[in-house]
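Peer 1: Pasting the relevant annotations from Swiss-Prot:
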type     : residues    : note
SIGNAL   : 1-23        : signal peptide
DISULFID : Cys37-Cys70 : disulfide bond
DOMAIN   : 42-241      : domain 'Cupin type-1 1'
MOD_RES  : Thr116      : phosphothreonine
REGION   : 117-144     : region 'Disordered'
REGION   : 196-219     : region 'Disordered'
REGION   : 271-291     : region 'Disordered'
DOMAIN   : 302-451     : domain 'Cupin type-1 2'
MOD_RES  : Thr415      : phosphothreonine
MOD_RES  : Thr440      : phosphothreonine
Amino acid sequence: MVKLAHLLVATFGVLLVLNGCLARQSLGVPPQLGNACNLDNLDVLQPTETIKSEAGRLEYWDHNHPQLRCAGVSVSRLIIEQGGLYLPTFFSSPKIAYVVQGMGISGRVVPGCAETFMDSQPMQGQGQQGQQGQQGQQQQGFRDMHQKVEHVRHGDVIAITAGSAHWIYNTGDQPLVIVCLLDIANYQNQLDRNPRTFRLAGNNPQGGSHQQQQQQQQNMLSGFDPQVLAQALKMQLRLAQELQNQQDNRGNIVRVKGPFQVVRPPLRQQYESEQWRHPRGPPQSPQDNGLEETICSMRTHENIDDPARADVYKPNLGRVTSVNSYTLPILQYIRLSATRGILQGNAMVLPKYNMNANEILYCTQGQARIQVVNDNGQNVLDQQVQKGQLVVIPQGFAYVVQSHGNNFEWISFKTNANAMVSTLAGRTSALRALPLEVITNAFQISLEEARRIKFNTPETTLTHARGGQPQLIEEIVEA
């Protein structure tokens, strides 16, 4: 009887632990790291590995770096040359990306969704491929059908769910540059904290240390018996062997020979459609039935480089634009968000900290000085950040950005669908919200000095970088 009671207690304890783990997963709480984060000294990070392909290259930041490891993310930069095609690829983690330069078209494969894009005219000569007989006759009037294809351009934030294969083609006259972040600590990733790339086509003949794999990386079809592929796809053995790309050394970004013809909407119509989905007036439409956005039709990108969409705009200082689950609903599913900022010369972003997210700040243009302070009040970063570099800003760490002479442009990825910040200076800051008596006693200053601390900075986000120029409180109150 005693043993039975002990067994019941032990079983109950195990159930409590499992219930807690499941609750953390349902809330999106990342699993604990094996080692505590060492964030006493932050660095400005640059790519450490480059993998070249026929029509572009992939550049990786070391995901084992303590800063990226602690944030639970992996960062890469994709460069697709003119006429280059990034072959279909998916990941075990959700992905968010920003188009730094160029334009193109992209498509994603969502399992279970219908092919809603159809060619208006039958393709010719299809009867000569595949097996003979009846199959060839059926293909004489073949019309290509595929899932949704969208235009992407400079300034777009792109969200991709875990397990959804996607491809990108460069339609512009300059390289298409995209910086990408994988949230490998996300609840959707059921594997370890190593970024894993799954290729439906193409290969990586150079291997990849970012995945701790030095051997050549093939596409997923390469591992199957060719005879099994031929049976599954109802094709000849020779064609099944072609799908495995055994002798193909072009990499995962290939050059398209001739015109690239896929069914896609005109560019102008695409962005007019976006304006219809997000009208400036009341969200009512006679065509809106409440079911217009499902997992199959859900938008995957939002342009945040348009000044008209800025959340904070000051003509002589710059602008800041955020995209979260309210502006791009798919972000609620992958639990990521982004912020785009442009800071003009001799301006600064007021000191602030992220309340509920880690931030990965990537410089897209110019340079600026960034200072970061940790939980012990120590300055853990004070460096110039230039184009192509990134900084990891942990949750709760206060930071400030200052541009001197040159403009500074950046994109920040945040590990929360609705990331929140709290400023340390300005009209909506924590200091502004404190009573004067709390400030005077906390810093041992006079009441007048406390009033200056609270009211000398009327801005909320951006201000001039010049210091030591106090403004009269009466002028601020009157303004």
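Just so it is clear, glycine is given a Cβ too, placed from its N, Cα and C backbone atoms.
Fair warning: this is a prediction, and the values are worked out from it, not measured in the lab.
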Peer 1: Taking Cα atoms as reference points, which of the recorded positions Cys37, Cys70, Thr440 is nearest to Thr415 (phosphothreonine)?
Peer 2: Cys70
Peer 1: Please report the Cα separation of Thr440 (phosphothreonine) and Cys37 (disulfide bond) in Å, rounded to an integer.
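Peer 2: With the alpha carbons as reference points, the distance is 35 Å.
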Peer 1: Select the most exposed residue of Cys37, Cys70, where exposure means the fewest other Cβ atoms within 10 Å, treating these as the disulfide-bonded residues.
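Peer 2: With the disulfide-bonded residues Cys37, Cys70, fewest surrounding Cβ atoms within 10 Å: Cys37.
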Peer 1: Helix, strand or coil for Thr415 (phosphothreonine)? Use DSSP.
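Peer 2: SS state of Thr415 (phosphothreonine) = coil.
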Peer 1: Which Cβ among the modified residues (Thr415, Thr440) has the fewest C-beta neighbours inside 10 Å?
Peer 2: Thr440
Peer 1: Tell me whether Cys37 (disulfide bond) sits in a helix, a strand or coil according to DSSP.
Peer 2: coil
Peer 1: Restricting attention to the domain 'Cupin type-1 2' (302-451), give the mean pLDDT.
Peer 2: 95
Peer 1: For the domain 'Cupin type-1 2' (302-451), what does DSSP give as the number of helix, strand and coil residues?
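Peer 2: Tallied per class, the domain 'Cupin type-1 2' (302-451) gives 25 helix, 68 strand, 57 coil.
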